[in-house]
């Protein structure tokens, strides 16, 4: 098994190190033809707009979409979750290109700017029942997105309670593109649909490897 890690920007080195601890080879992916040499792919966290521009520059989007359509396992963390979503709101003016595949709507920077980053214990019964271990997972949220809604084929693996009056948006350049994009009492932070996995947080920054095992 060889796992590709999109290495345009962001925490790709941390993902490769986590894979190595599990005895799995991770390789950096920067060009479309490199996807032919891997059986699965991780799209890491980072600055989603920058990653999208670099992916467009390297003509990666067609190859990434084909990789997803072929049914190969793909896991998006934080910015990677935004990439995999069919729809994203709260984007910077002009938006960004998406890979798509996950039937969900993601809000970019839902939890606020870099200084509103936080850690939280998440209830993860589905993860615990499949992989064992504790019923909670320490989620590291860094300028994190959140899933606002999901389609019927998407399994929700974790959510997080958010008071609707306490949500902060990162800057005046962020615009809410839909009236129904306002936060609910709970927002979804981990989903799975077939071979696609998405987490709004950063498992590569913890010692708990269960998300890698499930992937």
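Each residue, glycine too, has its Cβ placed from N, Cα and C.
Nobody curates TrEMBL annotations by hand; they come from automatic prediction.
Annotated features, as they stand in TrEMBL:
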ACT_SITE  78  active site, nucleophile
ACT_SITE  202  active site, charge relay system
ACT_SITE  204  active site, charge relay system
BINDING   46, 47, 48, 108, 142, 143  L-glutamine binding site
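Locations of recorded TrEMBL features on the structure.
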residue	record	contacts (Cβ under 8 Å, 6+ apart)
46	L-glutamine binding site	8, 9, 10, 11, 78, 79
47	L-glutamine binding site	9, 10, 79
48	L-glutamine binding site	79, 82, 83, 96, 108, 145
142	L-glutamine binding site	45, 78, 114, 117, 202
204	active site, charge relay system	11, 14, 15, 17, 18, 44, 45, 77
- In all the protein chains shown, the tally of other Cβ atoms within 10 Å of the Cβ of residue 78 (active site, nucleophile) is 28
- Message: Can you give me the residues near the recorded L-glutamine site, meaning same chain, not 46, 47, 48, 108, 142, 143 themselves, Cβ no more than 8 Å from the center of the site's Cβ atoms?
- Response: 10, 45, 78, 79, 82, 109, 144, 145
- Task: Please state how far apart, in Å and to a whole number, the two most distant Cα atoms are among 46, 47, 48, 108, 142, 143, the recorded L-glutamine-binding residues.
- Result: 12
- Message: Return the count of C-beta atoms lying within 10 angstroms of the C-beta of residue 108 (L-glutamine binding site), excluding that atom itself.
- Response: 24
